[in-house]
């Protein structure tokens, strides 16, 4: 065994020290956020078991009653079960949105390793407690609501922490591509969560929550022992947070502050001082934070509406079965992975994060319209349209929550203070989470009037997201024009 692993060990030791730790950071943070999404997914799988079609199971074995809900789990056995399921979803999403604004502030003032691993262990606890309601025979709605609220609050420890860790290790040069690939943890977690929850959903649905809860807690413990927050902690050199060409020439579109490298304070005295964590209002004053936060609100509104309503839309419009509709809806996530990678790659090459997002949002609006009107004309058309929709809708969402958040958290206006990463990430993702809670709610209110109106709402949200980035896009375009003019000698 040792002889078989020897070549891999020698190759690992041959890598530079910085590369080894960067790779470890990527893998650990990927596993961390994969487990976060893995623990969120069971509720969508178990809903069908909390209120199944009892008539398909035969007569009530307990008595001679003709009740059609004898196999349902109280309190979800009534005619208002959809509203109760909606209450569970919104309890998590609203708590997550509110908690995210607070989470980043704590993340900047506490060691990220403790904060992240502690949140994961607590999330595992509340996820398992939800499942224990099955074994403890709990039929009180407020128990499940409280578990969802608590879980939503502690899950806010995840995103600011993992983005801050990755941002500490990777500079801006290839950050978009790296984070585009790394951001696939969301879809991987959703897929694994569905598979794991599906194993026990029909026999003992409580285990569909308990097992993911154990997994996220175990990954949190691993994170506690092995995650390295800063390169300086292990004697590695910190990354360049700015593109060297842009900083040196002060001509590229990313030079938002107008400062050259010589204008920045970098004296030994100032470098030795420990920077203070940024305040909430201070983070809002960073150029671009407000625009990208509001853009993400509408972009995430569209993405989460698809997440919660796409299977039902496919069933109602294309008349597929529930299983086929669920399988087909996963193609939206596949498109999201591709969109995140392409958005990161293009934005790295051009240096225009906002312009990349804006172009994808502009293309998404007509594609959403076409999918609603012709997307169900054959299985091949449906597959292609879903992948394209997923790429264009989730590409900007992935880029803003990863590379843009990390860029703004290390903005040159901070003068080297990297302690803004968690706060900036929390503000951006917290604002986006408001849209995540609002989108499915609006879809539920609008869908009785027709699916066309739901898609018109999504298209309007896409257009608003695009307009909110107009100022940043103009700034980037002017930077490009100035850069090209100077290269030509003007």
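Residue numbering: from 1, along the chain as shown.
Every residue gets a Cβ built from N, Cα and C, even glycine.
The following features are taken from TrEMBL:
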{"type": "TRANSMEM", "residues": "21-38", "note": "transmembrane segment"}
{"type": "DOMAIN", "residues": "28-478", "note": "domain 'Major facilitator superfamily (MFS) profile'"}
{"type": "TRANSMEM", "residues": "84-107", "note": "transmembrane segment"}
{"type": "TRANSMEM", "residues": "114-136", "note": "transmembrane segment"}
{"type": "TRANSMEM", "residues": "182-201", "note": "transmembrane segment"}
{"type": "TRANSMEM", "residues": "207-228", "note": "transmembrane segment"}
{"type": "REGION", "residues": "250-270", "note": "region 'Disordered'"}
{"type": "TRANSMEM", "residues": "289-310", "note": "transmembrane segment"}
{"type": "TRANSMEM", "residues": "330-347", "note": "transmembrane segment"}
{"type": "TRANSMEM", "residues": "354-371", "note": "transmembrane segment"}
{"type": "TRANSMEM", "residues": "383-408", "note": "transmembrane segment"}
{"type": "TRANSMEM", "residues": "420-442", "note": "transmembrane segment"}
{"type": "TRANSMEM", "residues": "454-474", "note": "transmembrane segment"}
Segment confidence, the domain 'Major facilitator superfamily (MFS) profile' (28-478), expressed as mean pLDDT: 79
Long-range environment of the transmembrane segment (114-136) - Cβ separation under 8 angstroms, sequence gap at least 6: 32, 35-36, 39, 42-43, 73, 106-107, 143-144, 147-148, 150-151, 154-158, 161-162, 165, 204-210, 212-221, 223-224, 227
Spatial neighbours of the transmembrane segment (84-107) far in sequence, C-beta under 8 Å, 6+ residues away: 40, 43, 47, 50-51, 75-76, 78, 115, 141, 144-145, 148-157, 159-161, 164, 277, 280, 283, 304, 308, 422-427, 429-430, 433-434, 436-437, 440-441, 444
Beyond the flanks of the transmembrane segment (454-474) by 6 or more, those residues with Cβ under 8 Å of it: 288, 291-292, 294-299, 301-302, 305, 309, 313, 352, 354-355, 357-358, 361-362, 364-365, 368-369, 371-372, 393, 396, 435, 439, 442-443, 446-447
Long-range neighbours of the transmembrane segment (354-371), counting only residues six or more past its ends (CB under 8 A): 288, 291-292, 295, 299, 302, 339, 343, 346-347, 385-386, 388-389, 391-393, 395-396, 399-400, 404, 455, 458-459, 462-463, 465-466, 469-470, 472-473, 475-477
Closest-packing stretch to the transmembrane segment (420-442), where packing means Cβ pairs under 8 Å, from 289-310, 330-347, 383-408: 289-310
